[in-house]
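Undergrad: The structure is given below, and queries will be raised subsequently.
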């Protein structure tokens, strides 16, 4: 089977419809079709609505236009295409128990399916590398990976995904040679994705397993560094809260800078966890299908068709999960609230991401930590002066970010992932 496989050669039979023996059976079949149609419609709407919201938020609010969020946009585009051009036709294939759109659209639809899943996993792999660079070279990150370079990387991801999907499918390199497959290829109402063993294994390895291994390896390194930095934060805060009052007074402002640096680090670790959840969810949703994909070409009678369809749709549902995961980020959460008119804003809104909250204070989009005007104690403010070089070194190895307070001053120094 091809990597992201469609409802494929395990789809419900296409060579005839089942004639029920009793009216009760017929009613059950009709109820099943109606129930599945409603469920699949909800899935499609969730995928389309959620990912349109993500793309719109990043396009509208400058606060979200970071290098990593460029990759998030690419991921959302892949999910959106999945929701518009793949899932609806897959639902029709199941509910109608036959393919109604001809041979050309069958192969084109299959190519889009492979394209979207390949682009998704490769984009997640790129995000992992992006975070690795941010951790190992936090002061060189902005020069190493600019927005223009990010656009080029995204373009390359989609080109490679297109070559992996459209080229072998449209050139018929994927086709099997046994009679059942040949009959399906020539039948207008059959769109079962029969593949030869070489294509099934090679495409699964290139499109899924290799990027997955790279992603897991790189991200494990990222978390190792992040864990060490959290331990440094704990030790630093332990020294700051020492019972020796003389030491605290002696440390003075340096202790305050250390605390601000620690808060910054903890915020970025939460963003790192959000990216980890996105990658983990994608893996959990698609890995079972790709395991079955390999097993099937080795032993085609081992996996029941119902299991295959279920795992395929588990992968489809992943496209609806990511917008929900992004809600962990204050940046995205506030942007979504603005777009859905769930957050009160002043009559004067700025394209750079500023908005006024219900208290009349000006927040920078996404900074839920309190970067706002007000009479706060010096020791409790996050957004005053950027952490000094000495204190920021304690945070080296975390995800760099850029955030501003209401007066436009830097709270930190680099780009923000989420």
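The first residue you see is number 1, and the count goes up from there.
Heads up, the Cβ atoms here are built off N, Cα and C, so glycines get one too.
Found this in Swiss-Prot, in case it helps:
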CARBOHYD  6  N-linked glycosylation site
CARBOHYD  15  N-linked glycosylation site
TRANSMEM  35-58  transmembrane segment
TOPO_DOM  59-71  topological domain 'Cytoplasmic'
TRANSMEM  72-95  transmembrane segment
DISULFID  106-191  disulfide bond
TRANSMEM  107-129  transmembrane segment
TOPO_DOM  130-150  topological domain 'Cytoplasmic'
MOD_RES   141  phosphotyrosine
TRANSMEM  151-174  transmembrane segment
DISULFID  184-190  disulfide bond
TRANSMEM  197-220  transmembrane segment
TOPO_DOM  221-274  topological domain 'Cytoplasmic'
MOD_RES   261  phosphoserine
MOD_RES   262  phosphoserine
LIPID     265  S-palmitoyl cysteine
TRANSMEM  275-298  transmembrane segment
TRANSMEM  306-329  transmembrane segment
TOPO_DOM  330-418  topological domain 'Cytoplasmic'
LIPID     341  S-palmitoyl cysteine
MOD_RES   345  phosphoserine
MOD_RES   346  phosphoserine
MOD_RES   355  phosphoserine
MOD_RES   356  phosphoserine
MOD_RES   387  4-hydroxyproline
REGION    394-418  region 'Disordered'
MOD_RES   400  4-hydroxyproline
MOTIF     415-418  motif 'PDZ-binding'
Undergrad: Expressed to the nearest Å, what is the distance separating residue 106 (disulfide bond) and residue 190 (disulfide bond) at their Cα atoms?
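TA: Distance between the two Cα atoms comes out at 8 Å.
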Undergrad: Do you know which of the disulfide-bonded residues 190, 191 has the most other C-beta atoms within 10 angstroms of its C-beta?
TA: 191
Undergrad: Average the per-residue pLDDT over the motif 'PDZ-binding' (415-418) and send me the rounded value.
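TA: Mean pLDDT, the motif 'PDZ-binding' (415-418): 52.
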Undergrad: Report the nearest neighbour of residue 341 (S-palmitoyl cysteine) in space among the recorded positions 141, 184, 190, 191, comparing Cα positions.
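TA: Nearest listed residue in space: 141.
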Undergrad: Under a Cβ pair cut-off of under 8 Å, which of the recorded stretches 151-174, 197-220, 275-298, 306-329 contacts the transmembrane segment (107-129) most often?
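TA: Ranking 151-174, 197-220, 275-298, 306-329 by Cβ pairs under 8 Å to the transmembrane segment (107-129) puts 151-174 first.
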Undergrad: Residues sitting near the transmembrane segment (275-298): Cβ under 8 Å, six or more positions beyond its termini, same chain?
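TA: For the transmembrane segment (275-298), the list is 1-5, 10, 68, 75, 117, 120-121, 124, 127-128, 131, 195-197, 200-201, 204, 208-209, 212, 215-216, 219, 223, 307-308, 311-312, 314-315, 317-318, 321-322, 325, 328, 417-418.
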Undergrad: Based on Cα distances to residue 141 (phosphotyrosine), point out the closest of the disulfide-bonded residues 184, 190, 191.
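TA: Going through 184, 190, 191 one by one, the Cα closest to that of residue 141 (phosphotyrosine) is 191.
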Undergrad: Is the transmembrane segment (197-220) packed against any residues at least 6 beyond its ends, judged by a Cβ distance under 8 Å, and which are they?
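TA: Cβ under 8 Å, 6 or more out: 1-4, 114, 117-118, 121-122, 124-125, 128-129, 131-132, 161, 164-165, 168, 173-174, 276, 279, 283, 286-287, 290, 293-294, 296-298.
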Undergrad: Reported in the order helix, strand, coil, what are the DSSP residue counts of the topological domain 'Cytoplasmic' (59-71)?
TA: 10 helix, 0 strand, 3 coil
Undergrad: Give the helix, strand or coil assignment DSSP yields for residue 191 (disulfide bond).
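TA: Reduced to three states, the DSSP call for residue 191 (disulfide bond) is coil.
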Undergrad: Per DSSP, what is the helix/strand/coil residue tally across the topological domain 'Cytoplasmic' (130-150)?
TA: 15 helix, 0 strand, 6 coil
Undergrad: Starting from the Cβ of residue 141 (phosphotyrosine), draw a 10 Å sphere and report how many other Cβ atoms land inside it.
TA: 21
Undergrad: Using a 10 Å radius around its CB, how many other CB atoms surround residue 341 (S-palmitoyl cysteine)?
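TA: Neighbour count, Cβ to Cβ under the 10 Å cut-off: 8.
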